[in-house]
Structure formats: structure tokens, C-alpha cells
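Novice: I'd like to ask you about the structure that follows.
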Amino acid sequence: MEPLERKVADFVQDNDLFAGAGRILLAVSGGADSIALLHVMRRLTQRRAIAAELLCAHLNHGLRGADADADEAFVVHQARELDVPVVTRAIDVKAHAREQRLSIETAARQQRLNALAEIARDHSCPSIAMGHQKNDNAETVLQRLERGTGLRGLAGIRPSRRGGDGLTFVRLLLCCSRCEIVAYLHSRNLTWREDHTNADCVHTRNRIRRHLLPALQAECNSSLVDELAALSVSAGRLYDRIAREAAVAIEQHANCDGTTASIDATALAGLAEPVAVELLRQLLTGLGLGERDLTRRHYGDLLALAGRSGAKRRLSLPDGFRAQRESREVVLRRPTPQGRDLPGPVELRVPGTTQFGPFCIKAQVLDATPVDSAAIAARKDPFLECLDFDRVRLSLVVRARRVGDRFVPLGQQRIQRLGKFLTAARVPGDVRSRTFLIEDAGRILWVCPVRIGEHAKITDKTRRILELRVTPA
């Protein structure tokens, strides 16, 4: 076993990364890191250092034309040479970016994670191995420092992250530097593909990789990558302890009902500041407020609300959230639920027209052979949606939003609280005020006029379309 392989095997064992995995999905782009991942994992499973079957997955993002097709062919060849089964999938990053008004970078990341999760579920892979290495972690820490961060940010890329759907994303190369990986590939006469878009320094990540980090290594500390790796491990351990203490304090001193969270002011003021800030973060994100919207100033104002009787007794927080000192408690409130003027649940006629408060909803079933999914995705009318009729369970119900509603948004795989989704998607208040739901058998099909659910989306296999059109009554 080569030194790098032994290093990775020890890292996997020390962090208990694949306990009982059975089958592991390898995310392989064709770049140096992922090719090293593929070969190292194949060698470790052959030697029983890791007891699992392997499946290779390659995603074609459709962004680099012939180069992307060549990447796919290269990965398929590499996997087959190693006798590792391989799955390829095309993802439409540009369409997702356009629909969700995201940067290409963000849209690619979302689509990539969602597609990998879908492949993992389809092939019974509880773990997804990614090719992130020590330099990636250093770049992540520097990027977060640049925009401002706390302990959670300093923790960088964690060796494993378990999602709400039970899948675990694993980064087993975090113990290796980019130089070590390239040296390993050269020692075994292995080639890889280069993504020339990584040279575009318009993106912050590429600028840090190509300019900032090398400059810091050259002029300040040649072992900076190792130092940042050690810092992120220490920060992660400390953050985990703080998060546990905050969770205990919530259990002992807070009450949450989905729309309001209250915490004993004296107990909050008595906590160490990092624990108090983490407690507030957990409460506010639990109510649906996106944590990136919260700044140090917000946390400082909230702590002042708990600690000083003469402090301002009401605070406005992002996205309409509010905080207030009420007697001995600090109370956090999400925006007042909309849709109070809407009627109770109404069965939706399919086909047919149904009135729901100030809205009329027309449902019709259309043949869809062949399906033009690109044209459907390009529609710009938020009050018109198309679903796969054969994946819908009749009868349908239209109703107002309720506290605790959850669904799986289009393009994602994990169930989310609706309030948290609307906040993260930055849905304006005037749109929220006219938002209602169409569901089948308790599953949310459409948060009208914002997003449909993932489970009834149109695909190339769709044969019948359920078209839903909403107009004023």
C-alpha cells in the first residue's frame, strides 16, 4: 500500500467515515482529485481496508460543450478499466440558474448535490465520497474569513456531513494536500482532465486558489495549508461543543411552537457569549430565518435585549422577523402567517375549474408525447405550472399555508420547512401574502406561485401532463 493510500485509510478509520456503508458512491469529475479518489478507493476496497462496493458517478453539467463530453468519456473509461460500475447523468445547470435566479456557480453546486443524492438513493448507496482535499479546505476557510465568519465557518469542510435524507457526504482526501495527490498520480502514471474555467479569476474561489493562497504561502508561511487544516479541526471541535451546550440550554430554557420561540432572558444573559449566539442562531433558523442574513450586529442587539433592562425592547430582524423583550423572556417571532382571508381546504376538480377565495384554478390533463421539458422550464408565468399527471395521487386539495408545512422543493432532495424555504428563496412579502398550496395525499405539489414539489416534476418519461392555471376569480 502506497503512503498516500495508508494515510487515507488511517483518516477513514480515525473518523469512522464508512461504518456499515455497504456501497459507496464516488463523485468523479475527471479532475486530479476525483481521479485520485477513484483509484485510492479501488485500491483500499481491494485490500479490504474499506469493506464496501463502489459505484462511480459522473455528472455532465452541459457548460463546456465538447470538453464536458470528453470528461465524461474519460471517466467512463477510467472506471471500466478498474472494473468499477459507472453511472453518468446530464444536469441542466443553465436552466436551473435561470429558473431560480442563481449564479452558475451556485446552481451547479445545487444541481450536483441533488443529482448525486438521487443516484445514491437509486443505487442504495448510503455514503457519497467527494474529492475535496486539504487545499480546498484552506481555500474555504480563507473565503469565509474574507466575507466574515465565526467558529462554524472556521471549521471549514468537515470530513462527513449527514443530510436530513439519511445520506452522508464524505471527504476522505482532506488529509492530503494537492501536491501529495498530484505526486501520487504521477507515481502511478495516471492522467486527469483539466477544467480551464478554474483559471477564471472572476470567481472568488479561483482568485483565492490562484493568487491569494500562493502569495500567503510564499510571503508568510509555506505550511499555511496545514495550519489552516489544523485550525479548522480545532474550530470544528469547539463549535460542536458549543452547539451541544446551546441545544441543552434550549431544552431547559426555551419554548418553540413553529412561529414563535421564547427564551428566559436571565438564562440567555448568563450563558457564555458564543453559546448564547449559537442558541439564538438555532432558534432563528428553526423558525425559518436564513442564517446568512444574520450579522454580528443582530446577535449583539439580541443579547442586549436579554441583558439590559434599559435596552431597546423591540428589534426588527431580516425578512420580517421580530424580537421583543416581554417580561422575563426574549421572544422571537416569524412574520405573521399570510392567507388568513383564504377559505378552508377545497377539493380541486380535475379536470375542471375550482374557486378558492379570490382565485380560480383551472386543471386539465394533456397528452405529452414527446415532452419538451426545456420549453416547460422556460415558461415565465408563475401562476401556470405543469406536473406529471401519472405521479400525482388524486384527489387534490387546495388550501392555505399552515405552521409546520414541509415539502421537497423542485431541484432538491431533502424535505424542508416551508417557512424556511420561503425565507431562503427571498420570496417578497407581497408574494407570500397570496401564497397557497395544492397537495395530493398530504404531499405539497405546488406552493403557488413560488415552486412546485420535486416528486411530481415533468421528466422525459412523462406521458400525461397536469396543467394548473391560476387566475383571479
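For all residues, glycine too, the Cβ spot is worked out from N, Cα and C.
TrEMBL does not curate its annotations; it predicts them automatically.
Sharing the features that TrEMBL gives for it:
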BINDING   S29, G30, G31, A32, D33, S34  ATP binding site
DOMAIN    396-468  domain 'Lysidine-tRNA(Ile) synthetase C-terminal'
Novice: Cβ-Cβ under 8 Å from S29 (ATP binding site), same chain, 6 or more residues apart: which ones?
Specialist: H58, L59, D71, V75, G131, R193, D195
Novice: Under the DSSP assignment, what numbers of helix, strand and coil residues are found in the domain 'Lysidine-tRNA(Ile) synthetase C-terminal' (396-468)?
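Specialist: Reading the DSSP string over the domain 'Lysidine-tRNA(Ile) synthetase C-terminal' (396-468) gives 14 helix, 29 strand, 30 coil.
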Novice: Considering the binding-site residues G30, G31, which residue's Cβ sits among the greatest number of other Cβ atoms within 10 Å?
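Specialist: Result of the Cβ crowding comparison: G30.
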Novice: Can you list, in sequence order, the residues of the same chain other than S29, G30, G31, A32, D33, S34 whose CB lies within 8 Å of the CB centroid of the ATP site?
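Specialist: So the extra residues in range turn out to be V28, I35, A36, L37, G131, W192, R193.
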Novice: Helix, strand or coil for D33 (ATP binding site)? Use DSSP.
Specialist: helix
Novice: For the domain 'Lysidine-tRNA(Ile) synthetase C-terminal' (396-468), what's the model's average pLDDT?
Specialist: 87
Novice: Which residues, sitting 6 or more apart from S34 (ATP binding site) on the same chain, put a CB under 8 Å from its CB?
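Specialist: Listed in sequence order, they are L26, A27, V28, G131, W192.
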